[in-house]
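> Annotation source TrEMBL lists domain 'Tyrosine specific protein phosphatases' at 102-159. The annotation active site, phosphocysteine intermediate is assigned in TrEMBL to Cys124. Here TrEMBL flags 175-216, 564-614 as region 'Disordered'. Annotated compositional bias 'Acidic residues' per TrEMBL: 192-201, in sequence order. Summarising the annotation, TrEMBL assigns active site, N6-GMP-lysine intermediate to Lys286. Residues or ranges marked as GTP binding site in TrEMBL: Arg291, Arg307, Asp335, Gly336, Glu337, Lys453, Trp454, Lys455, Arg525, Glu526, Arg527, Thr528, Asp529, Lys530. Residues or ranges marked as compositional bias 'Low complexity' in TrEMBL: 574-593. Residues or ranges marked as compositional bias 'Pro residues' in TrEMBL: 605-614.
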Amino acid sequence: MAVPPRWLNCPRKGQLVAEKFLPFKTPLGPRYDDQVPEENRFQWPMLFAYVNGTGLKMGLVIDLTNTNRFYNKEQEVEKNGVKHVKLQCRGHGETPNEEQTSAFVNLCANWTDRNPDDLIGVHCTHGFNRTGFLIVAYLVEKHSWSVEAAVQAFTVARPPGMYKGHYLEELFRRYGDADDTPPPPPLPDWCTESDDLDDDGNPAQQPANGMKGGRRAGGATYKAFMDGLVPGVDTVTDQPRLRNVQQKVQHMCGWHGQGFPGAQPVSMDRSNLNLLAQKPYKVSWKADGVRLMLLIDGPQQVYLVDRDNTVFHAPQLCFPRRKEPDKTICNTLLDGEMIIDKVAGKDRPRYLAYDIIKFEGQPVGECDFSRRLLCIRKEIEETRDGKAATGALDKSREPFSVRHKPFWDITMSPKLLDGSFSSQVSHEVDGLIFQPAGPKDKYVGGRCDDILKWKPPTLNTIDFKLQIRKEGGEGMLVETKGFLYVGGFDQPIAQMKVTKDLRKYDGKIVECKFDGASKQWLFLRERTDKSFPNSYTTAVAVFGSIQNPVTKEILFEFITKSRFQQNPHPPPGSSMHPPQGSSHPPPSSVHSPRGQKRPSQEHSMPPPEKMPKR
């Protein structure tokens, strides 16, 4: 029996957490002595001697490992008068599920009620991730700690804390807001990754598709790019490449949380509609696509990152430099979405880039929006087109095309919603995106209250996690109900009727719309591109837009009468001051003799009705 991976140099124990829990790595019984140098040994007598020296009593030990081979609990633990409870949790890519968490929390609460002065010892193989996860869950559920405070307390007691990001992500999804998840610390020096053995030294489970690792953060299975509809793009599973790409994208965005770092718009409602009157905006159509960030990092080093922080590799894509076409762009990060156009009855995958954060390491995301769009067009799209025109780039060998997504003055909004425009873009248009375009509006990762998405009230939706269960007590009719959950809230916020077809979506992320006539949530589709529901904050905002909708008529009237209009030439002697940050027109604008702003040729876009067909 081999010593578990990464165990030898792992620190033996931490300090007390909340004066109740002692986290430590699993002790190894004497049977391992021939494999463990004396200076690295950690056995139960050593731990008991330490606890006794503090004058405290450890009455309960909870073992979270997924094996029984590390020690003899009867001979090494229970004969010392310590209660031993086995709560098996897998440790390779999975977090404790809700049932395991509930069992741990209830066990600790019941023990503490009967033995209030006892310490509770908790160990997994290394005493960090599974151990920290469940201790934090207990403090949040039973003592009303914030998840941030509980995570920090464990980190201080057992540095560097939980070092696997998906444990932190799942804790914040359950008990806070996934967007607030802190980044994991760097891997400790003693910790080297292995895809072949799990934390307990058992062979790692292999998924059906043969990829190593088996499961992603939060226990979700690996997924194919675009549900397998776009060949030539592979899911990245190997470490440290996966972690390096995720962290590089987060760093480029200035993102200090865990998970997807891209800018997230908010739903337009009556309360934020007035933003369109406060500063310049541009508008584009809202496509029913898949959100992806695109990292270009040299030859054959093109990666895409989706909202679940899953990383995909597209080595066949080529991005030449404009001034050195024989060389390849690197250190560049785009934001955009993948859509599937129908052209002559065939599916044509296209990546629409609508923002850029870094170009060749330069922080273009700090420039105004017009300049960012210009960078995408000139440095990315037109450079690729130019090389393709000479035959030096064969786009037919690439898995999808790459194009910029145009934006227009917000007065073009009505044209984007008429049927003729939808036919030009060859995919569904389900709303509008309003992008702040003032001189100080730089790219901001995470939730951005200034980026507004508008959808017709009938199309406003929320992504829930569906849980189907039966309810009914003794003497009562058992009823099957569908409960709808959002992130950061442990109670269902709504219910829906369970049909035969709906049952297959139990435990899945489902997109639902609210039917005003029946006052019921209706199922629309499964969100296979997402592993987490909308956060509580997002769900409340969307429901607010459903209850107090901004109709198309209200929106267009507001744009016509109240939109922001910069007056660069106030009348002589006027005391009127220009709005803050807009005393000068942005560099992308020039003015007509009458003082009305018009776009320069360099930055102009054709109006929606004249956009070339693609």
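Backbone N, Cα and C define each Cβ position, glycine as well.
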> I'd like the Cβ neighbour count for Arg527 (GTP binding site), meaning other Cβ atoms within 10 Å of its Cβ, all protein chains included.
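That number is 19.
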> Over the domain 'Tyrosine specific protein phosphatases' (102-159), what is the model's mean pLDDT?
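That region's mean pLDDT is 95.
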> Starting from the Cβ of Cys124 (active site, phosphocysteine intermediate), draw a 10 Å sphere and report how many other Cβ atoms land inside it.
27
> How many other Cβ atoms sit within 10 Å of the Cβ of the residue listed as 'active site, N6-GMP-lysine intermediate'?
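I count 20 other Cβ atoms within 10 Å of it.
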> Per DSSP, Arg527 (GTP binding site) is which: helix, strand or coil?
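The residue in question, Arg527 (GTP binding site), is coil (DSSP, three-state).
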> Select the most exposed residue of Glu337, Trp454, Arg525, Asp529, where exposure means the fewest other Cβ atoms within 10 Å, treating these as the binding-site residues.
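Comparing Cβ neighbours within 10 Å for the binding-site residues Glu337, Trp454, Arg525, Asp529, Arg525 has the fewest.
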> Using only the residues recorded as binding GTP (Arg291, Arg307, Asp335, Gly336, Glu337, Lys453, Trp454, Lys455, Arg525, Glu526, Arg527, Thr528, Asp529, Lys530), report the maximum Cα-Cα distance in Å, whole number please.
25
> Near Asp335 (GTP binding site), which residues of its chain come within a Cβ-Cβ distance under 8 Å, counting only those 6 or more away in sequence?
Gly262, Ala263, Met293, Leu294, Ala353, Tyr354, Asp355, Ile356, Ile357, Tyr443
> According to DSSP, folded down to helix, strand and coil, what is Lys286 (active site, N6-GMP-lysine intermediate)?
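The three-state answer is strand.
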> Specify the count of other C-beta atoms within 10 Å of the C-beta of Arg291 (GTP binding site).
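Result for Arg291 (GTP binding site): 17 other Cβ atoms within 10 Å.
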> Sorry to bug you, but what's the C-alpha spacing from Lys286 (active site, N6-GMP-lysine intermediate) to Trp454 (GTP binding site), rounded to the closest Å?
8
> As a quick check of your reading of DSSP, tell me how many residues in the domain 'Tyrosine specific protein phosphatases' (102-159) are helical, how many are strand and how many are coil.
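Summed by class, the stretch gives 39 helix, 6 strand, 13 coil.
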> At the level of the C-alpha atoms, what whole-angstrom distance separates Glu337 (GTP binding site) and the residue listed as 'active site, phosphocysteine intermediate'?
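Checking the Cα atoms of Glu337 (GTP binding site) and the residue listed as 'active site, phosphocysteine intermediate' gives a distance of 41 Å.
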